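Remarks on the structure that follows.
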Amino acid sequence: MEFDTIAAISTALGEGAIAIVRVSGDDAVEKVNRIFKGKDLTEVPSHTIHYGHIVDLDTNQVIEEVMVSIMRAPRTFTRENIVEINCHGGLVSVNKVLQLILAQGVRLAEPGEFTKRAFLNGRIDLSQAEAVMDLIRAKTDRAMNVAINQMEGRLSKLIGRLRQDILETLAHVEVNIDYPEYDDVEEMTHNILIEKATHVRAEIAKILETSKQGKILREGIATAIIGRPNVGKSSLLNSLVQEKKAIVTDIAGTTRDVIEEYVNVRGVPLKLIDTAGIRETEDVVERIGVERSKEMMSQADLVLVVVNYSETLTNEDEELFRAVQGKDFIVIVNKTDLPQAIDMERVIELAAGNRVITTSLIEEQGIDELEKAIADLFFEGTIDSADVTYVSNARHIGLLTQAGKTIGDAIEAIENGVPIDMVQIDLTRTWEILGEITGDTVHESLIDQLFSQFCLGK
């Protein structure tokens, strides 16, 4: 497959030590060589790096002092010739280098176009390409490991084996239908077909079992911190983040808006949402914050309900407990450094089997126990991202769910005595749906849409 030559800045814009301009295409080396003063880049070996200068051909002025990496096809990310120009960081110089390259007839790359070419040229499949963006966006080491495993093709291999099983079954059915007189081919009975289809459905279900945890590692747990004013919600946020993000005072109603922050809790990314204290108030601004707090609470995956150890439970406290019933929540009884006034038996009763943890955030007590409780709640205490193939992408989860339903329809049809040749339709559709995960059967418009979400230069 032939493409034109493209270029883009591959590093984040702004001041920094190094900025990289990436160029990919059949004549990438020749185009860069025109503006490079140093060794003749067309003569140097692949996978080598060379010192020199970028020159403006119109003025013969030296623009940048650079190191240029030469990587020749097919042993490159895009399977095309790639040149990477390492220049000084900053906005002006790197943009000037890019403009000089574009002036040589090179096109500015679209977002994700380098990765798209890697996919279209067969270096990676679609699930591996999507994992590139997951790696860039990973917020914890665990999330990074999941993305790397997918980039290395773990999910692709699982899907490939399932598609191969279905294909072999379809081929067997075809032979039985078209050549019934062949005695050397085993007859595809309804029982054999059910066995093979049931195996595929079980494998799909097994992959989907990891989807909840995989999605958490990829996107994080949306965690709302709720409670009455001045019970320690902002202190809890600061303790988990380990820096002061929220204002902490003795004045009730200090937090009037929603504060969001990502934090790594034992390998699990938490999207912490510190909400305004929930209470009846005449303050218009605070009342808006309270309404937003209730909205965030309803949308959260996990709710941390904070109550005050040194005060008796109020009607507002009990209303919060009723509001979180049916959700995953943990109760934090804070301020244990003060004399006890709260009825702990009533707290445990209201928690309805959910964890209750006592803390003194001012003395930094109880945070480790809270972090363990969160990991236990979502991962049963262990996250084995090294050995488990997590499916975390919403598109993949949707397609696997759809494939599971379609193969289920095939099994139901077989059990109801539908002719085997009619069952082929559901088997073929399952094979096609699974192929959409790896990009083998995906529509071109979807490919364009997926890669448009990538950052420029990737």
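Heads up, residue numbers simply count up from 1 along the chain you see.
Using the three backbone atoms N, Cα and C, a Cβ is placed for every residue, glycine included.
The number of other Cβ atoms within 10 Å of the Cβ belonging to Glu84 ((6S)-5-formyl-5,6,7,8-tetrahydrofolate binding site), over all protein chains shown, comes to 19. DSSP assigns Glu84 ((6S)-5-formyl-5,6,7,8-tetrahydrofolate binding site) to a strand segment in the three-state reduction. Among the features that Swiss-Prot reports, (6S)-5-formyl-5,6,7,8-tetrahydrofolate binding site is placed at Arg22, Glu84, Arg123, Lys458, with the record citing sequence analysis.
Positions annotated as GTP binding site by Swiss-Prot: 230-235, 249-255, 274-277. Lys233 (GTP binding site) is surrounded by 32 other CB atoms, counting those within 10 A of its CB over all protein chains shown.
Secondary structure from DSSP puts Asn230 (GTP binding site) in coil. Its Cβ taken as reference, Asn230 (GTP binding site) is surrounded by 21 other Cβ atoms within 10 Å in the chains shown. Annotation source Swiss-Prot lists K(+) binding site at Asn230, Thr249, Ile251, Thr254, citing sequence analysis.
Sequence annotations record features per position, and here Swiss-Prot assigns Mg(2+) binding site to Ser234, Thr255.
Residues annotated as domain 'TrmE-type G' in Swiss-Prot: 220-379. Mean pLDDT for the domain 'TrmE-type G' (220-379) in this predicted model: 79.
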- [ ] Tell me the Cβ contacts of Arg123 ((6S)-5-formyl-5,6,7,8-tetrahydrofolate binding site) under 8 Å, same chain only and six or more apart in sequence, or just say none.
- [x] Phe77, Thr78, Arg79
TODO: Please list residues from the chain of Lys458 ((6S)-5-formyl-5,6,7,8-tetrahydrofolate binding site) whose Cβ is under 8 angstroms from its Cβ, counting only those at least six apart in sequence.
DONE: Ser10, Pro111, Gly112, Phe114, Thr115, Val132, Met133, Ile136
Task: Residue among binding-site residues Asn230, Lys233, Ser234 with Cα closest to the Cα of Arg22 ((6S)-5-formyl-5,6,7,8-tetrahydrofolate binding site) - done: Ser234
Open item on the list: Can you tell me the CA-to-CA distance separating Ser234 (Mg(2+) binding site) and Glu84 ((6S)-5-formyl-5,6,7,8-tetrahydrofolate binding site), as a whole number of Å?
Closed with: 46
TODO: Determine, from DSSP, whether Lys458 ((6S)-5-formyl-5,6,7,8-tetrahydrofolate binding site) sits in helix, strand or coil.
DONE: coil
